[in-house]
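Reading through the structure tokens given below for one structure.
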Amino acid sequence: MSIKEQTLMTPYLQFDRNQWAALRDSVPMTLSEDEIARLKGINEDLSLEEVAEIYLPLSRLLNFYISSNLRRQAVLEQFLGTNGQRIPYIISIAGSVAVGKSTTARVLQALLSRWPEHRRVELITTDGFLHPNQVLKERGLMKKKGFPESYDMHRLVKFVSDLKSGVPNVTAPVYSHLIYDVIPDGDKTVVQPDILILEGLNVLQSGMDYPHDPHHVFVSDFVDFSIYVDAPEDLLQTWYINRFLKFREGAFTDPDSYFHNYAKLTKEEAIKTAMTLWKEINWLNLKQNILPTRGRASLILTKSANHAVEEVRLRK
């Protein structure tokens, strides 16, 4: 089926890997193999080929969108006769736990910051906006960590709203996966970035998810371009379990780790524990809150085995 025929049936243009890779045009590879190795996640295969065929075309597309947005801002300033404040272009990245959102975010940050314009690209994860464990315990939400109700949504929305309003210095809390909690007094200051990449589970949620409470303002209201990283559920489960097993041999062995006790599990016990955590928390959050937002994304990256993107869908 041609792209033209698809356009009549869906709000997305659909590309297989080869079609998408052809859209790279002449964008140069600006990352070395060593840099790519540092960018990838704990359980992901990220190659020069993946960056060249998937992420370079995506960075080219985003550069077009961002340049268009800058021209629009310039037109508005000319009309108003003002010198406007620098307003960041916000890119959100959503998707399930273990799908590779963080790797996608880091690769895009590296590529976009290397465009000739030398843009300042900041990366913020919404993990920092989780309520502290003390609050979650008081509210009985420790087993709902990552669900929408576990976040300080007021602070998260204010953060992106302030950035879009031109506030020069905005602070974001920082999360530690070692202590499984927000770092007290560990805020990061974000100073007028050209581009902000916001990575998190629920960044595509909108008022449609709360039909009985329509007065909410959401992060998605401030996002210029949204990406959903997708994969079949069986792969997500496998990746989650494999990641858990690697943490068991790595991060969990640190005595300061919140999950230090998991390091003592046998492999069979660890697999069983990971399966339970997946089914009772992460799969539930995926089905109830994350997956229903996929159709709102500007672009959907669908992965197959080894975290390789096999299909790209771009909203018209």
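Just so it is clear, glycine is given a Cβ too, placed from its N, Cα and C backbone atoms.
Feature list (source: Swiss-Prot):
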type	residues	note
BINDING	G95, S96, V97, A98, V99, G100, K101, S102	ATP binding site
If you count the C-beta atoms lying within 10 Å of each candidate's C-beta, which of the binding-site residues G95, G100 ends up with the smallest number?
G100
Say we define neighbours as other CB atoms within 10 Å of the CB. Which of the binding-site residues V97, A98, V99 has the fewest?
V97
Radius 10 Å, atoms counted are CB only; among the binding-site residues S96, S102, which position scores highest?
S96
Listed in sequence order, residues not in G95, S96, V97, A98, V99, G100, K101, S102 with Cβ within 8 Å of the centre of the ATP site Cβ atoms:
V229, L236
Using all protein chains in view, find how many other C-beta atoms are within 10 Å of the C-beta of K101 (ATP binding site).
24
